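Record features, source TrEMBL:
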- 23-382: domain 'Citrate transporter-like' (DOMAIN)
- 12-28: transmembrane segment (TRANSMEM)
- 34-51: transmembrane segment (TRANSMEM)
- 63-87: transmembrane segment (TRANSMEM)
- 99-128: transmembrane segment (TRANSMEM)
- 140-160: transmembrane segment (TRANSMEM)
- 180-201: transmembrane segment (TRANSMEM)
- 230-247: transmembrane segment (TRANSMEM)
- 292-312: transmembrane segment (TRANSMEM)
- 332-354: transmembrane segment (TRANSMEM)
- 375-396: transmembrane segment (TRANSMEM)
- 416-437: transmembrane segment (TRANSMEM)
Amino acid sequence: MNAHAIFGLNPMWLSGIILVIVYIILILEKLNRAVIALFGAMLMIYCGLLNQEQALRAVDFNTLWLLTGMMMMVNITAKTGVFQYVAIRSAKWVRADPIGIMLMLTGITALFSALLDNVTTVLLVTPITLLITEQLRVRAFPYLFATIVASNIGGTATLIGDPPNIIIGSKNGLSFAEFIYHLTPIAVLILIAVCAMLWLTQRRGLKTTLRARASIMRFDEREAITDVSLLKKCGFVFALVLLGFFAGHPLHIEPGTVALSGAALLMMLAYGRQPADKQSENVHHAFTEVEWITIFFFMGLFIIVGAVEHSGLLEVMGAKLIAATDGNVPKMAYAVLWVSALLSSVLDNIPFVATMIPLLQSAGQGIPPETFEPVWWALALGACLGGNGTLIGASANLTVAAFAEKAKQPIGMVQFAKYAFPLMLMTILMSHVYLWLRYF
């Protein structure tokens, strides 16, 4: 422990107090989270808990590059209208049957969330969901509820599906293929179970008229596609990027490098032949659509957690975790699964995971990495699926709620939790059984 705090204060106490204050302000949502994280990070430096060089080393640029690259590619692809095309085509494929549409949208949302990220997915899927429910003259809540739940389940399945997974993978050298091998099977099983529950509970309540169904069947999904040439280029680049995610790990190429390369290549293919002024305008637009608030929130968070780790506090807490679980990996994995699920249902799972990783790394010292690995899968499952517990449990939930409010179909906190929290507990129980059967 090399940290020295201002005025001779105990570094562990000081860093812990700053971390708790940052958490409290984040929970209260009185200030923008990026501002809070950056202020907390700078406070750590001014208090002598980190110097500037150490602060920069604490930032996980692989995570930031991966987020930035994927955001740029998804935003460019969204301009083609392909996501709206898929949603409309799926609704027509089930002949505009209300429960069929719900199940199709659930599956599509989960798939898109696994391949893109869950916040981007709900931004794309929710407007078309509201349009379809309006045409069918059915309540939007069951469809929006299914969208939220599916986005968090789908996001659990891959490295790039949910920010906690990106951080877990980057900090522990876990590859895209490893996430698919370990988490996709349980995510698929959970999705099937959730779809079955939705069908059982909603099939009698979702009724519409033949006239309303006919209005959906009159939609022309081909009109949603606005740029076929750009769509082909996007498909080509996405295929290369997914290939790069699989092939990059043995070649020691990080996912962040692959994603940022894909974004650069897509902009070259999409805008390279345009006149200079038009090209500049489109590239500028691609950069402005990146969620820079999220990027800087991550940056500040990494520095805050780096300072807490540097102070030695997480090492002490890691030792206490070992003592509480007797150093038993199965006990630790189960504890991490349930605690992370319950806390992630009421806290933002990103700062929680960022704090837990170095703590668990400290607790795992002396344990072979392959033996300790199930703990990381437990953290990913708990943090991602726990987000389904309440309306404030994940960013995707709040994004859908904002759309619903604009459409004058608001989602109540209690209304959501009444259905979501028991469902979340069921998915965590399934995850517990999965961890036990597969690893222990």
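Any Cβ shown, glycine's included, is placed from N, Cα and C.
Contact between the transmembrane segment (332-354) and the transmembrane segment (416-437) is present: at least three CB pairs lie under 8 Å, with pairs separated by 6 or more positions in sequence.
If you look at the transmembrane segment (63-87) against the transmembrane segment (12-28), you find fewer than three C-beta pairs under 8 angstroms, all six or more positions apart, and that falls short of contact. Averaged across the domain 'Citrate transporter-like' (23-382), the predicted model reaches a pLDDT of 92. Using the rule of three or more Cβ pairs under 8 Å, pairs at least 6 apart in sequence, the transmembrane segment (140-160) is in contact with the transmembrane segment (375-396). Same-chain residues lying 6+ beyond the ends of the transmembrane segment (416-437) with a Cβ under 8 Å from its Cβ atoms: 145, 148-149, 153, 185-186, 189-190, 193-194, 197, 330, 333-334, 337-338, 341, 345, 374, 377-378, 381-382, 385-386, 388-391, 393, 397.
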